Amino acid sequence: MISSWEQKNNCMMPEDLRNFYLMTNGFHMTWSVKLDEHIIPLGSMAINSISKLTQLNQSSMYSLPNAPTLADLEDDTYEASEDQPEKPHFDSRNVIFELDSCNGNGKVCLVYKSGKPASAQDAEIWFLDRALYWHFLTDTFTAYYRLLITHLGLPQWQYAFTSYGISPQAKQWFSMYKPITYNTDLLTEETDSFVNKLDPSKVFKSKNKPLIPKKKGAAVQPAGGQKGPSGPSTSKPSSGPGNPVRK
């Protein structure tokens, strides 16, 4: 099936994706949560099978003559920058295959940047949102698979790698199950920011306050101690004025 796919599409499958399909022909895992006795489907992790690893349709979007195609949406004014790779094209410059439909929230695609015939080294993983804008995810399938597992297949998790981020509703689920990964800016900070730091001066500050009244009490105690010896000293001369013995 892998060889047939490569011959049919004139593309060499990346080695890590080939190993994945040699292990299993596609992958789909879902999980749900129970809230107030109601089962709510939540997470969905999917990789299309080889038969569904099809090229994005470049024909007319509607069954009408002279209807627009995806290639008509090309805008060469928005090209690559120093920190962003060149975005895929819907025309013959790139070959695009759908890995995951993302439950209608977009499409995760396997993109060959060099067109046909396509080599395995030119493949990258991109996310196409519902507005048909491209967002780079990873340069290998293995890295994307790890992202998929790490984000637990939460709804709209791919939008965390876009400039506009995930929706408020999806943020609530991320805050419950993945409180760090929904904010990718936190991942670039130092790891020490996630460690609880102990400041002894603040923690034990309240214990230093009771020391002030203790010092005042200690100042009063010597005064009482002076009265103690002064009592017997005055009583001794009075009780024994004729005592000739001294030590």
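Placement of Cβ uses the backbone N, Cα and C atoms for every residue, glycine included.
Pulled from TrEMBL:
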DOMAIN    2-144  domain 'Knr4/Smi1-like'
REGION    204-247  region 'Disordered'
COMPBIAS  204-217  compositional bias 'Basic residues'
COMPBIAS  229-247  compositional bias 'Low complexity'
Residue counts (helix, strand, coil, in that order) that DSSP gives for the domain 'Knr4/Smi1-like' (2-144): 34 helix, 49 strand, 60 coil
PLDDT averaged over every residue in the domain 'Knr4/Smi1-like' (2-144): 84
